[in-house]
Amino acid sequence: MSTPGDPAQPDLESCRGTMSAEEDAKWLQWVTHQFETIAGEDREINLQEFKTALNVKESFFAERFFALFDSDGSGTITLQELLEALTLLIHGNPMDKLKFLFQVYDVDGSGSIDADELRTVLQSCMRESAISLPDEKLDQLTLALFESADKDNNGAITFDELRNELQRFPGVMENLTISAAHWLTPPAARPRSRRPRPLTSAYWHNHRSHLLCLAAYAGLHVLLFTLAACAHRALGASVMVAKGCGQCLNFDCSFIVVLMLRRCLTWLRATWLAQVLPLDQNIQFHQLMGWVVVGLSLVHTVAHVANFALQAQSGASPFRFWELLLTTRPGIGWVRGSASPTGVALLLLLLLMFACSSSCIRRSGRFEVFYWTHLSYLPMWILLIVHGPSFWKWLLVPGILFFLEKAIGLAVSRMAALCIVEVNLLPSKVTHLLIKRPPLFHYRPGDYLYLNVPTIARYEWHPFTISSAPEQKDTIWLHVRSQGQWTNRLYESFKTSDPVDSKRLSRSLRMRRSQKKPQVSEMSSENHLFCNIKCYIDGPYGTPTRRIFASEHAVLIGAGIGITPFASILQSIMYRHQKRKHICPSCQHSWMDNVQDEDMKLHKVDFIWINRDQRSFEWFVSLLTKLELDQAEETREGRFLELHMYMTSALGKNDMKAIGLQMALDLLAKKEKKDSITGLQTRTQPGRPDWRKVFQKVAAEKKGKVQVFFCGSPALAKVLKGHCEHFGFRFFQENF
């Protein structure tokens, strides 16, 4: 066995431990194949090839690993040297891995680690985890870890001292590895295709309204198709199919617009129907109906084409096939025989709208294509009225509701132009807008609105979640992530030009003095602009997050900019929390009213924020700091709001390239009572959450019925939904 000062040369048989002979042979075969692919003809790997293969960000670790893997000091790594090193890292016992880690940290090979070596290692750890801290903070982290490990105060950390320090972190030594250990690991067996989840009670609990509506929708189509087909059975099978599809299309083409009546849906959310109807899935149902309309239209068209072909071939009609299909001469239809040409026009318009509605169009900076082609619903309705004799009856009620909503929206949004009064350009190209709030603009936490900025695009309206609390009377906050053409133009317009007016300081002073309630400010001196830019808003509109205050135990999960709906909710919680708090003027003793608001049944809130990089936490860090300060006097068990921060770019404690940094961050956080990355009291955890453990902890708290609210990527939503079904939690997703 190697010593701390010597290159690691473990015995292969003892290191492979519990691997079976078959697994061992497969692993060796895979490593050999990968090595030959990378090494090429010389059958050796140099330092540059090693760096590329391991995909390490910081050259320090690549060079240290390479030096330790190169047991003969030749400057290259052979297959045998690589096998020995990787076998230790993958299958070695904890002591072998610890000795390897010590050798990485012992840069000069002296057999001990001094403070300067430790600082170099921690600096490299920070770069590997994409963490940026000032030199002063790096020095504090180095001293915190060094003083904790150097028990005899002799100015150096020995192998035994490092081992003792690591043993304070349970589970780390047993699982210690580096990403290099997974570099040449045989791929796992390809999983079988995932079967649909069984109709368990938890699945039914989360999807019952959805499933019932789908069943009712399918049943209605079967009924409509059957009745229409039976009424025309004397005309042959093709006509029966065409008429059956046509009757279904009468319903679909009129009802599809009801799913996008945002004002009506917002009103329904405040009624008992919100517990029965899947209002949160209105967009998904709208998309589903779009697919159904396209499918039925194609079948309807094929059936008519087949009927025309039969008529022309059999001589039952005096008209030729193309005349039946494209002209008004046969007199088919109730308006001057225009059924055939209007049907062709309808199909072409529908296919154009369908193609331009794909996600690749909407999310690739071509939103205008989607927007303008979607406006073809107006000529489609006109053509449908001309095409089908009974369509106007189906459209009557939905059409009236639609045009009433559009008229009200147009009147409200254009009644008076508003102004963007302040702008803050935040990290990761996020634009924070402060808009002067209209007098009669009432909304609830988590609501969203549509924004139009004529200087950016005169006719474009885009939805954004309101990130300020309703209790904030003077301004509305919006946080806009630059992800498309319009949002990028918005960000660049403020970045490249300074829209400052001559009275900006006087106006800003008046606005700040008019604030009646204590506000959380997200403003910073950099990229902070006062302006007076005209804009229009349409809204507010409700979202699934309106249910949060009616929950008993709410788990809020935001990924990246997905925090915006929860920012409004957390601010509103803070306001209500302050409203229930009382302070004795004599002794300054504080207490809370046990009586909760009528519309707030919350007993506990867990807020989980997942960010890719460090700077993204700056978006709302002052808000979260204020929330922590408001609960500072309460015991940890008594806090109804608990924060959980995760940084996915940071490597975890089990990775050799990060363990020293994570240990130092833990030690300094305990000493300073705050996290070095965000400045919050809550420690930022590296990597991604272990959702099974997270939900197990939530379930164990038994604070009431758990409801999970998520805003973020659809991929993560699927993962969370599966865990919620397993634990029996209700799951609600905010759509971007």
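Every residue, even glycine, has its Cβ placed from backbone N, Cα and C.
Annotations in TrEMBL come from automatic prediction, not curation.
Cross-referencing 400-421, 554-575 with TrEMBL places the feature transmembrane segment at 554-575. Each residue in the domain 'EF-hand' (137-172) gets a DSSP state, and the totals come to 21 helix, 1 strand, 14 coil. Panel annotation: around the transmembrane segment (332-357), residues 290, 293-294, 297-298, 301, 304, 324-326, 369-370, 373-374, 376-377, 379-380, 383-384, 386-389 of the same chain, lying at least six beyond its termini, place a Cβ under 8 Å from a Cβ of the stretch. Beyond the transmembrane segment (211-235), the same-chain residues lying 6 or more positions past its ends with a Cβ under 8 Å from any Cβ of the stretch are 204, 241, 243-248, 250-251, 277-278, 285, 292. Across the domain 'EF-hand' (57-92), DSSP assigns 24 helix, 1 strand, 11 coil. Per-residue confidence over the domain 'FAD-binding FR-type' (413-547) averages out at a pLDDT of 76. Within the domain 'EF-hand' (93-128), the DSSP-based counts of helix, strand and coil residues read 26 helix, 1 strand, 9 coil.
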